[in-house]
Amino acid sequence: MTNTRKTHPLIKIINHSFIDLPAPSNISAWWNFGSLLGLCLAIQILTGLFLAMHYTSDTTTAFSSVTHICRDVNYGWLIRYMHANGASMFFICLFLHVGRGLYYGSYTYFETWNIGVVLLFVVMATAFMGYVLPWGQMSFWGATVITNLLSAIPYIGTTLVEWIWGGFSVDKATLTRFFAFHFVLPFIVAALVMVHLLFLHETGSNNPSGLISDSDKIPFHPYYTIKDXLGVLLLIMALMILVLFSPDLLGDPDNYTPANPLNTPPHIKPEWYFLFAYAILRSIPNKLGGVLALVFSILILMLFPLLHVSKQRSMMFRPLSQCVFWFLVADLLTLTWIGGQPVEHPFIIIGQLASMLYFTIMLLMLPTVSLIENKLLKW
């Protein structure tokens, strides 16, 4: 008798993706973040769905509808804070997942990597629009500042911004369309995830050594399903500790004040996971230059397959590249800190130096150090 798992047209797709999938025998815990991102997406879609049942996307009632969810809906506070902090967990996993890809040379899987960068952009857009929905002060002013950046585009900028706003300022039309997009984008993300996995399974997973592992594969189930289950346990534990003990730790107190177009908050800043990009944006005095730097700070990831000049794929056996990689991590943490600081001395110059270093490390230092290591191999 044939196994249904291997013959059923639908179940066999799942079987080839999650059960009988040949996986390298030596992949470490850094390979857990793919499944954790899938879990984060599922949590966000489910909690978001329940929030959408009670939320109203109207400027007069949006803020009070969120208050109503927290006060009157059964476990509404839990759903709301799981959704808000779930986004933070999502981005922590995203950054670690991308960092893993950079460290171990996973970007040489060209299609998988580029789809991943597109996914990063779409998730960032989704998170930005979600931040606008509670219609607090930071929601309103964040939306105003970020959408206004598009006015830097020559010729069509102003028209484009007013088209996105649906008027001459961020108002009811903006909130309604942001809610619509925020609702639909996670499903587009889910579809892109399928494409991401499709391309990954064309080549198989990379591994810490960066060497071809075709001769040493093990089935995904039970080895990596049990390993993923541990990651899931730790992620849910971290999320619930955050949600139940300090749900507002990563939020902005200004967002508990209803949006007021006549009163600007002293420091407009996005959520913590956008601060590095915000710092890069602010470090350039020119508006268009800042916008280009902001976009390029993420888009630069697409250049990594082209900038890879090392004879080895992974950084596992490249101590010089490892040093530069950790410089980059430290620089990103510095940028994140600067993004949350006011625009004054000495933060301005620190931000400018950190932004310059960010692009220098990626475009110049990593390839140069790789070439030096290639030379050292011959000695």
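The backbone N, Cα and C atoms fix where each Cβ goes, glycine too.
According to Swiss-Prot, the protein carries these features:
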BINDING   H83, H182  heme b b562 binding site
BINDING   H97, H196  heme b b566 binding site
BINDING   H201  ubiquinone binding site
TRANSMEM  33-53  transmembrane segment
TRANSMEM  77-98  transmembrane segment
TRANSMEM  113-133  transmembrane segment
TRANSMEM  178-198  transmembrane segment
TRANSMEM  226-246  transmembrane segment
TRANSMEM  288-308  transmembrane segment
TRANSMEM  320-340  transmembrane segment
TRANSMEM  347-367  transmembrane segment
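Sequence features, as recorded in Swiss-Prot, placed on the structure.
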| residue | record | contacts (Cβ under 8 Å, 6+ apart) |
| --- | --- | --- |
| H83 | heme b b562 binding site | Q44, T47, G48, L51 |
| H97 | heme b b566 binding site | F33, G34, L37 |
| H182 | heme b b562 binding site | G48, T126, M129, G130, L133 |
| H196 | heme b b566 binding site | T112, I115, G116, L119 |
| H201 | ubiquinone binding site | H16, S17, L21 |
By Cβ distance under 8 Å, which residues at least 6 away from the ends of the transmembrane segment (226-246) in the same chain are close to it?
29, 32-33, 35-36, 39-40, 43, 78, 81-82, 85-86, 88-89, 93
Quick test of the contact rule: Cβ under 8 Å, at least six residues beyond the ends. What residues does that give for the transmembrane segment (347-367)?
279-280, 282-284, 293, 296-297, 300, 303-304, 307-309, 321, 324-325, 327-328, 331-332, 334-335, 338-339, 341
May I ask for the residues of the chain that lie six or more residues beyond the transmembrane segment (77-98) and have a Cβ under 8 Å from a Cβ within it?
30, 33-34, 36-37, 40-41, 43-44, 47-48, 50-51, 66, 69-71, 116, 120, 123, 127, 130, 235, 238-239, 242-243, 247, 250-251, 271-273, 301
